[in-house]
Ligand SMILES: Nc1ncnc2c1ncn2[C@@H]1O[C@H](COP(=O)(O)OP(=O)(O)OP(=O)(O)O)[C@@H](O)[C@H]1O
Ligand SMILES: [Mg+2]
């Protein structure tokens, strides 16, 4: 595990028009770790992912992946470093088929000429088919992504994330719109991936977080409120106040 | 912004049908200059006018293809493609001017007439080399390509998209038009270039030369189509469509969308330049009016009428709209601009997928 | 202040004729006997300042002055031949025309100039001042002094003062010369500068003072040029502002890209024409046709805008590229309709008198009245637009709808209604711009085509959604354009501005006054 890179956020702040979406946030995700992030709406969870993936530039603070300063790179560069992301609102290419969406995500040279020369060989085809089996979309391979249901879109986007074969996976609310058995499947999948890869999961579904069973970070008002096992944070008085209620 | 949602199998069969139709169409075009050789009384005789006007339309079809690559696939609605077309035309025009040699009105051995008239003592440096055909052909592609590279690089890097990009490209062609109207640019000002004599040793006013240019354009059209087809059928084409529909998502997959768009835009500009270069010797004139923003936007409507995002649609649209234009401007000249305006409205409101979409709807 | 002038005038009026009586008759002696004698007589007549000398010398200059053998002078006029002294009709038989040579002609020019200085006709006096300035002779100094004291027309006074100063420069005594240098140095006239430079060569003694005076003039000229460039820039800026303001509402606030905007401007100009023609027969209203055209143009184009929004544009919300193409098509149809209805040629709009002519600001800064009015008008319209958006119920609802449509709808605002009204508002402003532009541009069907790209650049340059940005953008681009013009030429300056605006937009895609927040990312 020592050869992996760790994600290191230090004192990160993001200010929109005077509003602090992230406030001096610090977080470390070790190589191979599976980390859950929870917190009330507007806590800054998605903004944190925006900062890591280069969508939003932090107003202050350091964001490192291994030795690399992510704040100096663009989205494509960060993705090519090996950081993949699944969006809160599943987004893919509606005019392309399920197969084509996965093919685009498949780890391969990304330049125009390389894409022009690209030939789908047996190895790549097998990988795509395996992934389609994993996400349960084998039957829909030739359907346009635009006609999939919300849950299927969630799966397709997870599939695309798997195709990228990233070192760090950022997964924003993966199980919204999934059935219970699908949720379990997803949890098992993420647990399986972790270890080889680092994973950061944002989710409101506490059962799911419990099923992941690893370290949990609670975000509130843009900074870390509490961190520890699920039982630890569930019994933290402050967390109960601002998030869990009761 | 989702395009046709159709079962792929039926889609493929339709595509095959359209391709076959296109093949037949190209064949028909191919025999036109031959039919022109028949005696005028022969029922299958094709008039000189029809041949020359068709030759023009073929060039327009190449322009439409290039625009479709940028707009229909990569989502770059360029309102300045007329500028690339005109630049290609000017590069070709410079070659043709050099070939006039001492046959100009003033009989100067090197300088074109307008330069003698304006008191030039020698050729400006940027005219050097244009006496060579290969060099001129290179410039036909490179000049529009370089402009597209610069404008595209600056815009795409700054993430200027949508209508902003459209207005920017329109401003680009407008600025070029103003510049080319100036006499001291060394491009003949107002009058541009005309009175061409020959190309590759053939006198331009012979019917053989005209047929030759016609076939050259036809071959260029077929080649452009095949290039675009190869491009859009590849994974690169799918990346382009993905960029068109959700550019930022493509970036998060690790694609540098700037370079992908730039590649398509520059290639598209080169094709437009090629179209312009073939157009100029056929119409015998090029002037700054070619840069007029209205020309560029008219080309956009060809693509929209045919059906953007489909290569056959672009070709179909170019021929349909220009056929209509040629017919109407002689039959009812006052009406043409109304019809063109109405086409813009009708296509955007009622026929977003163009004629191809209409045919697809019928077939299914 | 008034008294000394009055008294001087009176004195002149009384003294001149009495003295001149003799001088005139005395001056005539020798006229026509020989070239030298004639020239001397002409000089004397010129110095006499007698009004009767003027027709006589003019006749001489035209070859209409005849001399009989006995020395009687006759003038041949339209009504026949008259005695030059008594004006009685006379017989021309035996009379010979008085002949001229170059010496006489030179004398005549000077004399006529001096005499015209006291002519009752201001045009004569103006011409005389010019002539005296050109001939520049120290002898004219007293004459000019007197003329200047009498003169009341400011423009002629200025020319006289210039002529006086220039004539002083030719005087022999250094005191007088220095007076002339100082007076010339106090003007801001390029002519005075030329005179001074000429005098520098011949007067090495006072070269330093001359240099100083030239420098003073140069400085004043530079200031004037800068002021005029500034005004031209402001004027162009006001035109851009007017053209772009409507767009700042439809595109900036609503996000609708209306390529027919230029055609709405054109419709406004044609409405001005129609109002003018309709009121032509009504003497009471005719002078007011331009102010009346403003509301008329607003209503006409606002109605067109509302119809277009409800009928067409609303079906394309969220599809800006399609909207762009569609509205371009509509613009084409509007343009062609107008071309068929009114013809392709320019229509003439008569400017009201208060908009004509040129205004001289202090420091001889020339300002055309109509441009000045348009500048003021554009600022007023901007002010009204801002007020309408900020302080009215309509503005409040408009902002509500464009910012959060769903919430505005849930609060009972009829959003569709507001879209139509907002679009009509923006289109109406375009119509008002057309009224103003009809004063300085050709009213033809393609009036609007030239403005659309500029307007978009202004709106985007200033920052979409910010009226302050539109203001700064319009005047910024206008002034930069006019600053570039002198050394680049009009066309190239425009090309430079287009390229610069394009580059600027690429560096700051959100414009000068960028909007922030999630709304800006859409
Ligand atoms: N681009 C932006 N401009 C202005 N405000 C923003 C922007 N992005 C996020 N915010 C604000 O930052 C805060 C944090 O948003 P974020 O999306 O990160 O929350 P979250 O924790 O993901 O919430 P949820 O659980 O609802 O997804 C919110 O109040 C949001 O309104
Ligand atoms: Mg979120």
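From the backbone N, Cα and C atoms, a Cβ is placed for every residue, glycine too.
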If you check TrEMBL, which stretch out of B:163-181, B:182-200 is marked transmembrane segment?
-> B:163-181
What residues in the same chain, six or more past the boundaries of the transmembrane segment (B:336-359), come closer than 8 Å to it by Cβ-Cβ distance?
-> 3-4, 14, 18, 298, 301, 303-308, 310, 312-313, 316-317, 320-321, 324-325, 328-329
For the transmembrane segment (B:73-93), which recorded stretch in the set B:20-37, B:133-156, B:163-181, B:212-231, B:300-324 gives the largest number of Cβ pairs separated by under 8 Å?
-> B:163-181
Looking at B:20-37, B:105-127, B:133-156, B:212-231, B:262-280, which one has the highest count of Cβ pairs under 8 angstroms to the transmembrane segment (B:163-181)?
-> B:133-156
Can at least 3 Cβ pairs under 8 A be found between the transmembrane segment (B:20-37) and the transmembrane segment (B:262-280), with each pair 6 or more apart in sequence?
-> no
Who are the long-range neighbours of the transmembrane segment (B:212-231) in its own chain, taking Cβ under 8 Å and residues 6 or more past its ends?
-> 22, 26, 29-30, 32-33, 51, 54-55, 58-59, 61-62, 65-66, 68-69, 199, 202, 237, 264, 267, 271, 274-275, 278, 281-282, 311, 315
